[in-house]
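The domain 'Amidase' annotation in TrEMBL covers 96-577. The annotation active site, charge relay system is assigned in TrEMBL to LYS136, SER211. According to TrEMBL, the feature substrate binding site maps to LEU185, SER211, ILE232, GLY233, GLY234, SER235. The annotation active site, acyl-ester intermediate is assigned in TrEMBL to SER235.
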Amino acid sequence: TSAALTLLGGSVAAVVVWKWLGKKMIQKKMEEARRTRDEGLKKMAKAVQQFREQVPSVQTDAILSLPLLGLTERLREGSLSPKNVLYTYLEKVSALEVNQQTNCLRHFITECEEQLQKIQQQKQKGLLYGIPISIKDHIGHKGHLSTCGLVQYLDTVMKEDSVLVKVLKRQGAIPFAMTNVPQSLFSYDCSNPIFGQTLNPFNHQKSPGGSSGGEGALIAAGGSILGIGSDIGGSIRLPSSFCGLCGLKPTAERLRWVLDQRGCAEGWTIVWHILLHHVSIWSCPTPVPCAMGPMARDVDSLALCMRALLCEEMFQLDPTVPPIPFNGEVYCSSTPLRVGYYDTDGYFPLPPCMRRAVKETRSALQAAGHQLVPFSPPRIPHVMTELFMKTFYADGGRAWLDVFTGNIVDPSLKAQVNTCKIPRVVKKLLALLLKPLQFLLLKLKDVIVIYTCSSVKEMWNHHHQIQAYRSEFITRWKELHLDVVLCPILGPAFTTGYPGKLLTAISSTMLYNVLNFPAGVVPVSTVTEADEEELKLYQGCCDDPWDRTLKQAVSGAVGMPVAVQCVALPWQEELCLRFMKEVETLSREK
């Protein structure tokens, strides 16, 4: 007995020591990653200082105030040099008011100086000649990490540029920064244990949104003029809404990612972004695909970026991308539009200011000669629970849990991670017990307990249901002879920490990922004192804990951006952008 107790005690002690050593190793890796980032930022600051000593007369304010179209024109005609523009933006980023206050950068791309030299030697100037551009953390750039906020990827350096980066460089752009993301990318906050929490530049108590939150914060703070994000549930559109930017989620296949050097797909599989490191896109269907898209300060910038990306270089490097060049005629058209609209999807009622934005935009469009038609998206509770959630938690969350092996879980994700850890038998029991209460539990962020696929047959049936819903939605759209749809977007910016408490509040964006429709966000207003007063009366669906949590999340937002969402049918990005431009023009006139 004594020997057995001694053996047991020794085993327990060994396990404790092993776990302690594992945590120490994780902490060491994270500290090294932060140190590397800080050294890169110091190099950036030093390079800026040297440039300033050589060229003290650069008019930085004049350069920073130029919109993208004006900047490209000045660069192409030669009245501005790419070097002056690059170092002006580097100086802005390294200044206190951008990165040190928002923590939006994950890494400075030191090779930007090499790219600067390269474009100046090119015979032809691309559409983005000399434009400094920022990219989201997980977009592959040669010589840099693609971490997704996870410790296990701190040792994996990209051996080559992703196709998107190659095309951007060929068009003359200069990638200069990689931006922060939430851990595993499955959050619309922007925090991870390695690089910390990113903050909204307009209010440091607020989140910039996610998962492209670093992009949102950097562009909104003036540190970048154009960025590239990705979107599987709103990851481009939510940061655009929270930070007052324009952002476009295209039809996923319009800018599809391709194979990286590890033989894995830099795209989306059946679970979400992070599995691009593990599963080939060719091995299984993608019922809710990930989309890549641009983020900027105005719609013309998005259109220019899409025009630049949809080129022969893209079509040759990735033959899976349909060779459809950007249709400038559609974008520049002035034909009156037939616009469907709604200010609530009936699933998660949004704050009063977001509904006000839709109503005011509807009135402005009508006054401008467009035809407005009420539109009601069908069966949103079914979309959220049976289609969207079941896609991501088809296996009960096991694949997602795997990516946290050897990681410290960020506080914003702990509730979701702990829910996924509930044994399968318990989940089935809960599903049975909670079935009668399904309507009351629709907004429950831990809905993943219930909605899983138990067999391959059920999974294929689930894929069929998504296709059937897309057909149903398009049929309703066509019956009303709509060109586009105007609808709300979640906002204003949440206080940090709240997105993790309200996962299913993003039904307004998730819908168009399930449908795979192009959708964009345009800021049209700001939160007023009257909005804040009206928020006090907000009760949501039934004044339940989730409605009250939403009220807490968005309160104290006077002066923060308020946006609307613009949607078109698949492959009609140009029409979507044309509608966004119309909304932007009318809101600015107002």
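Glycine is no exception: its Cβ is also placed from the backbone N, Cα and C atoms.
Residue pair ILE232 (substrate binding site) / LYS136 (active site, charge relay system) shows a Cα separation of 14 Å. In this entry, LEU185, SER211, ILE232, GLY233, GLY234, SER235 make up the residues listed for substrate, with the farthest two CA atoms of the set 11 Å from each other. Of all Cβ atoms in the protein chains displayed, 35 besides its own lie within 10 Å of the Cβ of SER235 (substrate binding site). Taking the C-alpha positions, the distance from GLY234 (substrate binding site) to LYS136 (active site, charge relay system) comes to 14 Å. In the predicted model, the domain 'Amidase' (96-577) shows an average pLDDT of 89.
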